[in-house]
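**Q** Relevant sequence annotations retrieved from Swiss-Prot are reproduced here:
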REPEAT    52-73  repeat 'LRR 1'
CARBOHYD  Asn73  N-linked glycosylation site
REPEAT    76-97  repeat 'LRR 2'
REPEAT    100-121  repeat 'LRR 3'
REPEAT    124-145  repeat 'LRR 4'
REPEAT    148-169  repeat 'LRR 5'
REPEAT    172-193  repeat 'LRR 6'
REPEAT    196-217  repeat 'LRR 7'
DOMAIN    240-286  domain 'LRRCT'
DOMAIN    287-373  domain 'Ig-like'
DISULFID  Cys308-Cys357  disulfide bond
CARBOHYD  Asn330  N-linked glycosylation site
CARBOHYD  Asn339  N-linked glycosylation site
CARBOHYD  Asn382  N-linked glycosylation site
REGION    385-416  region 'Disordered'
CARBOHYD  Asn406  N-linked glycosylation site
CARBOHYD  Asn452  N-linked glycosylation site
TOPO_DOM  551-719  topological domain 'Cytoplasmic'
REGION    614-719  region 'Disordered'
COMPBIAS  628-641  compositional bias 'Polar residues'
COMPBIAS  654-677  compositional bias 'Polar residues'
COMPBIAS  702-713  compositional bias 'Polar residues'
Amino acid sequence: MEKFLFYLFLIGIAVRAQICPKRCVCQILSPNLATLCAKKGLLFVPPNIDRRTVELRLADNFVTNIKRKDFANMTSLVDLTLSRNTISFITPHAFADLRNLRALHLNSNRLTKITNDMFSGLSNLHHLILNNNQLTLISSTAFDDVFALEELDLSYNNLETIPWDAVEKMVSLHTLSLDHNMIDNIPKGTFSHLHKMTRLDVTSNKLQKLPPDPLFQRAQVLATSGIISPSTFALSFGGNPLHCNCELLWLRRLSREDDLETCASPALLTGRYFWSIPEEEFLCEPPLITRHTHEMRVLEGQRATLRCKARGDPEPAIHWISPEGKLISNATRSLVYDNGTLDILITTVKDTGAFTCIASNPAGEATQTVDLHIIKLPHLLNSTNHIHEPDPGSSDISTSTKSGSNASSSNGDTKMSQDKIVVAEATSSTALLKFNFQRNIPGIRMFQIQYNGTYDDTLVYRMIPPTSKTFLVNNLASGTMYDLCVLAIYDDGITSLTATRVVGCIQFTTEQDYVRCHFMQSQFLGGTMIIIIGGIIVASVLVFIIILMIRYKVCNNNGQHKVTKVSNVYSQTNGAQMQGCSVTLPQSMSKQAMGHEENAQCCKVASDNAIQSSETCSSQDSSTTTSALPPTWTSSAPVSQKQKRKTGTKPSAEPQSEAVTNVESQNTNRNNSTALQLASCPPDSVTEGPTSQRAHTKPNALLTNVDQNVQETQRLESI
């Protein structure tokens, strides 16, 4: 029998061994069945885990998500460790069957948010560890099922806020770790009912102040005695940008000289140790209203916006009091914003009066009044010459609603009125309106449109026929917000008077005028093109003028360089060769001198050196002789060497003198008006100028045919 029991025991052990997942260690002999799968390189939760497991450790693996079936039917599981994995998603109701779970470790994963049903069913959970994740959002109902929590660790995340309402309900909570987040505010009264709280860590957040709470008074006992007991409380708030004013005076009065918290503001206390600052330096600045609306006049039915701004330390809260002395809060016709602006959506005649703006903080309060005048709409006179004013009804502007309600959520009437009027299209200067309301008002004469801009309190009126379904508003300013209302002017059947009724109001903003910028750019572009074209034309004209000047100069230079090549002229008196002398032949004389040769030419030879020595050439006292000029001039260039040697002989002085006399006589007879003038210059007075153009050219010599001169002289004597 004993052997049989032993065999059964071995079979049971073998069966249990087969249930244990691969790579995991199962402690089946311990009173509490434990499955240890830490650091096994698992990519998912093993599916063959014993459902009776009490402790399951899956830390330091590579599990990426948790599915609904992973922990199904594990009703005995008490401790679940999923730390240091790569979990980024948990299926809703994934832990719903773990009704006996006491501790859930999800630290050091990649969770970014906690949804509503992630922790559903964990009614007995005591320890929830979520530190070192990437949490940015926690749903407002995420902790509704974990009200029995004793420890909640949300440190080292990116949280700006947490569901404080859910925290208030965790009456068993004794440790709350919120350090190293971005929390900037803790609502007042959050810890009022957490009497079991023994430790609160809000280190390294963005808190500027801590709300006073009786819970924090127990922190002084821990600081002075150093003994942790159920009645003591450990508070850690270092690393926050504390604003050291009168709101933290209660905290300064606690004796915690062992901590090193510092102040970040105001400027006089920046960087100083919190516990070393005297209490009298924790000051607050009373509020001061710096800007507010002094007076406003609006038309009946128009929207009125009253502004009030104040400064102080701490930031003052702003409230409005109606002319009737009632506190104004969000209602059907009024909206109060956090920045101190009061917005009356549709004004009535009873809204006329003085509204009071009250700015208050712990240091005091300040008040200012704003006068609001409601302009009555024009009405026609009846037969008795009395103006009928329809009753605007009782004002509900001071009707209180739930405090702290969202201004935008109580805008039902405005939304309905905006549905009646729609801006179909809005440009920078126009807006197309469409009317969707039903014309069920009998006796409508016309519709009146009233509008004004954000920066202009002047109302603009437009009258349109009652059959109009659209209307185009012109001459609007670009980038401006407009408040527009449509009123129906009709005949009241009861009083037989003309009455008005607000049909609806709407607010719209015109577009920015980008077209104007493009127009300016096109203007600049056109001007630039005109300048460029004009410059091209001017440059072309200048180039044309320069070309003409260069061409004219070249022609003149070519005319000056055309010098007639003539033979050297030798004086028949002394036979000396005359060089560099200028010869001037008038046109009539040249024609007579070339009488026997039709192709002869006469040129003017002018030398710059001869001009420089003109004084010597023109001397009357010097003994000069004239050279005999033959009737024909020949160039020295084509003359052969033999001819040069012939002309090189020096004739006697007497025949030359006679030849000159005969030539002069002949010229006188042939031309009565012009005589041949020969300017002679001594050889010694001729110098060659260095800058003259003819200085580098070989001087042309004038050669005289002596034989022809002698024959001509004899012919003249015979005559």
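Keep in mind that glycine also has a Cβ here, set from the backbone N, Cα and C atoms.
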**Q** Any residues 6+ beyond the ends of the repeat 'LRR 5' (148-169) with a Cβ under 8 Å from its own?
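**A** Same-chain residues near the repeat 'LRR 5' (148-169) but 6 or more away: 107, 123-142, 175-187, 189-190, 192-194, 196, 201.
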**Q** Around Asn339 (N-linked glycosylation site), which of the listed recorded positions (Asn73, Cys308, Asn330, Cys357, Asn452) come within 10 Å, judging by Cα atoms?
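**A** Checking Cα-Cα distances against Asn339 (N-linked glycosylation site), the recorded positions within 10 Å turn out to be Cys308.
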**Q** Looking at the recorded positions Cys308, Asn330, Cys357, Asn452, whose Cα is closest in space to that of Asn73 (N-linked glycosylation site)?
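**A** Sorting the recorded positions by distance from Asn73 (N-linked glycosylation site), the top entry is Asn330.
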**Q** Is the repeat 'LRR 3' (100-121) packed against any residues at least 6 beyond its ends, judged by a Cβ distance under 8 Å, and which are they?
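**A** Apart from its flanks, the repeat 'LRR 3' (100-121) reaches 59, 75-88, 90, 92-94, 127-139, 141-143, 145-146, 153.
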**Q** Which of Asn73, Asn330, Asn339, Asn452 (the glycosylation sites) has the most other Cβ atoms within 10 Å?
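**A** Comparing the glycosylation sites Asn73, Asn330, Asn339, Asn452, the most crowded Cβ belongs to Asn330.
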**Q** At a C-beta cut-off of under 8 Å, are there same-chain residues at least 6 beyond the repeat 'LRR 1' (52-73) that contact it? List them, or none.
**A** 32-45, 79-91, 93-98, 105
**Q** According to DSSP, which of helix, strand or coil covers Asn330 (N-linked glycosylation site)?
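**A** DSSP call for Asn330 (N-linked glycosylation site): coil, neither helix nor strand.
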**Q** According to DSSP, how is the repeat 'LRR 2' (76-97) divided among helix, strand and coil residues?
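**A** Taking the repeat 'LRR 2' (76-97) as a whole: 0 helix, 5 strand, 17 coil.
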**Q** Sequence gap of 6 or more, Cβ distance under 8 Å: name the residues on the same chain that satisfy this around Cys357 (disulfide bond), in order along the sequence.
**A** Ile289, His292, Leu306, Cys308, Ile318, His319, Trp320, Gly340, Leu342, Thr367, Gln368, Thr369, Val370
**Q** Return only the integer: C-alpha distance in Å from Asn330 (N-linked glycosylation site) to Asn452 (N-linked glycosylation site).
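**A** Cα-Cα, rounded: 24 Å.
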**Q** Would you list the DSSP helix, strand and coil counts for the residues of the repeat 'LRR 3' (100-121)?
**A** 0 helix, 5 strand, 17 coil
